[in-house]
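Enquirer: Per TrEMBL, the feature transmembrane segment maps to 6-27, 98-117, 124-143, 149-172, 184-217, 229-256. Among the features that TrEMBL reports, domain 'Prepilin peptidase A24 N-terminal' is placed at 13-95. Here TrEMBL flags 106-213 as domain 'Prepilin type IV endopeptidase peptidase'.
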Amino acid sequence: MPFKILFTFWFFLLGSAIGSFLNVLIYRLPRKESILFPPSHCPSCNHKLAPKDLFPIFSYIFLKGRCRYCGAKISIRYPLVEILTAIFFALSFWLYGWSFYCLKMLIFFSLLLPIFFIDLEHMLIPDVLSFTGLGLGLFLSLLEGKIYQSILGSIVFGGVLLLIYLGALFILKEEGMGQGDIKLGFLLGSFLGLKLSLLALFLSYILGGIISIFILLFKDKNLKTAIPFGPFLILGSFISLFWGESIISFYLSLFIK
Ligand SMILES: [Zn+2]
């Protein structure tokens, strides 16, 4: 037990460091900047950041959310991504221990968190993340002996989105969603398998619908707000992954006595 607590803490630290790297991806991938070069710098004054400026979570708190060199505000997204990743890593280890499933969850999260924030801000999903993710999803499933489930999930998740996309294009003459969402669907399906993919799709549309209604109600109607769909696909997939089996058995229990 004491070892488990120690390792959980270690996973928290590991997660915060990975989160720090995910922040680099979130900032640089949509700007087509190199991930490795140049070293981290302030986006406002370009001053190179010292290690003491880059310590996950704590640097933001000590600097009170401002750049040490020019005083520009640092986006709250930085500590948020670090703390979310740290908590997710710690929680995954606490729940699943040293297991293949735990590793799979950590990889899944590390792929989807940057996609979530990039799509939210820029309305795009970098292909490099979608394709790397699809490759990893298939590879991990192969190791798990679930490759057919993975391929099927991927084809159905991506395929349903592709059909909806084509339907909107031919019938409504507009792009209902971005092509990036379809590629994201292939990635999500490869991790979820067929059953959880279908549930995730269903949940994504419900979530998307609810949030869209709220935005329409509370925002200036003249302001045309486009909402990216990727974050909903990701939220729906996470709910499906963690609670999908319970949701499905609850739903079935309503009909089968
Ligand atoms: Zn600065």
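Here, residue 1 is simply the first one shown, and the rest follow in order.
Positions of Cβ are set from backbone N, Cα and C atoms, glycine also.
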Enquirer: Counting CB pairs under 8 Å, which listed stretch among 6-27, 98-117, 124-143, 149-172, 229-256 touches the transmembrane segment (184-217) the most?
Expert: 229-256
Enquirer: With CB pairs under 8 Å as the measure, which of the listed stretches 98-117, 124-143, 229-256 comes out on top against the transmembrane segment (149-172)?
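Expert: It is 124-143 that shares the most Cβ pairs under 8 Å with the transmembrane segment (149-172).
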Enquirer: DSSP helix, strand and coil counts for the domain 'Prepilin peptidase A24 N-terminal' (13-95)?
Expert: 46 helix, 4 strand, 33 coil
Enquirer: Six or more residues out from either end of the transmembrane segment (124-143), which same-chain residues have a Cβ under 8 Å from its Cβ atoms?
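Expert: Cβ under 8 Å, 6 or more out: 25, 29-30, 100, 103-104, 107-108, 111-112, 114-115, 118, 149-151, 154, 178, 180-181, 183-184, 186-187, 189-191, 193, 230.
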Enquirer: Restricting to the domain 'Prepilin type IV endopeptidase peptidase' (106-213), what is the model's mean pLDDT?
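Expert: Mean pLDDT for the domain 'Prepilin type IV endopeptidase peptidase' (106-213): 94.
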Enquirer: Which numbers of helix, strand and coil residues does DSSP report for the domain 'Prepilin type IV endopeptidase peptidase' (106-213)?
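Expert: Reading the DSSP string over the domain 'Prepilin type IV endopeptidase peptidase' (106-213) gives 96 helix, 0 strand, 12 coil.
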